[in-house]
Structures are given as structure tokens and as C-alpha cells.
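J.: One structure, pasted below without further comment.
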């Protein structure tokens, strides 16, 4: 994944990913795309471009330029084994918005859960969640399905065994 999604980004692939998410959610009345910094920004940006809406990304660390006027949620990183607060400036989420959450990976669903919590704090409806690569053998999908929010994953991995990837059929 590092050669097209994380450390190096395949711009043409990201454009196609954004186009596909825009197609999947075109009838959902999305007014903003939301993600968590940093790896989710590339697919979220191309999605926002294809939908013609702004992109908001939740910051993992409080910035000196941000005020205390923030919606904040705590998120546990499965990859890094640490908890971070993520924040969105209250000026950018209003009750008349309808957001689409986009992220690069779905494992245990903590990043998405944090963004869902921020949407709830902002009283903003969530049109759906778009994931580039889902690790279906982990609990993220079931966590999102319990909320009733629509989930679309472009690739679903059933297992990772001995360097072999098996996809959900």
C-alpha cells in the first residue's frame, strides 16, 4: 500500500478513487467531505473535487492556529497503538451540512467512530462512509453497520496470511 496510497500516492489512481466515491454517493446530498489527517487526505480530496464540495480534515494534534472552538473526539490508532484527540473547527461544520466520511483504511473503525462522534457533536447528518481498503476480518465494518450509516468499501480484504492477500468475494 505504501507505493500507491500512503508514502507515495498514485495520483491517477486517487483520481479514479475519488470519481468512484462521487458516483456511489452522488444522490446523497453531500455538502462536505470529511477525513482524518493524513493518509485519508488524498482519497478525500479527489472525492471532494469530483463532488464539487469542500474537504475538511480532522487534525490529530491541536494547532497553534486553531482556537478552542473545536469539536473533538478521542481516537485509538490500531497501527500506532496510541490514542489521539482529533478536532474539527466548529466554523466548518453546520447543522445544514451533510457529510461524507472518506478514509484510506478500515480496520477496527476507530477513526470513523471519532468522525461520527464529531458529526454528532456538530448535529450534522452523515450521508455515508467511503473506505479505500477494508480489512474485513477486523471489527470496523460491524461497528459502522451498527450505527445505520451507509458504508462503501472499494476493496475488501478477507485475510492476510503469509504475505498472501485474499479478497472478499
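Glycine residues also receive a Cβ, built from the backbone N, Cα and C atoms like all the rest.
Take a look at what TrEMBL says about it:
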BINDING   6, 135  xanthine binding site
DOMAIN    16-136  domain 'Phosphoribosyltransferase'
BINDING   107, 108, 109, 110, 111  5-phospho-alpha-D-ribose 1-diphosphate binding site
J.: Which of the listed binding-site residues (107, 111) has the least company, meaning the fewest other Cβ atoms within 10 Å of its Cβ?
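T.: Sparsest of the binding-site residues 107, 111 by Cβ contacts within 10 Å: 107.
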J.: Do you know offhand how many angstrom separate residue 107 (5-phospho-alpha-D-ribose 1-diphosphate binding site) and residue 135 (xanthine binding site) by C-alpha?
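T.: Taking the Cα atoms only, residue 107 (5-phospho-alpha-D-ribose 1-diphosphate binding site) lies 5 Å from residue 135 (xanthine binding site).
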J.: Pick the one among the binding-site residues 108, 110 whose Cβ has the fewest other Cβ atoms within 10 Å in this structure.
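T.: Comparing Cβ neighbours within 10 Å for the binding-site residues 108, 110, 108 has the fewest.
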J.: Within 10 Å of residue 135 (xanthine binding site) (Cα-Cα), which of the binding-site residues 108, 110, 111?
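T.: Final answer, ordered: 108.
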J.: Considering every residue in the domain 'Phosphoribosyltransferase' (16-136), what is the mean pLDDT value?
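T.: Averaged over the domain 'Phosphoribosyltransferase' (16-136), per-residue pLDDT gives 92.
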J.: Just give the helix, strand and coil counts over the domain 'Phosphoribosyltransferase' (16-136), going by DSSP.
T.: 36 helix, 44 strand, 41 coil
J.: Indicate the candidate from 109, 135 with the smallest number of other Cβ atoms within 10 Å of its Cβ, considering only these binding-site residues.
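T.: Lowest Cβ count within 10 Å among the binding-site residues (109, 135) is 135.
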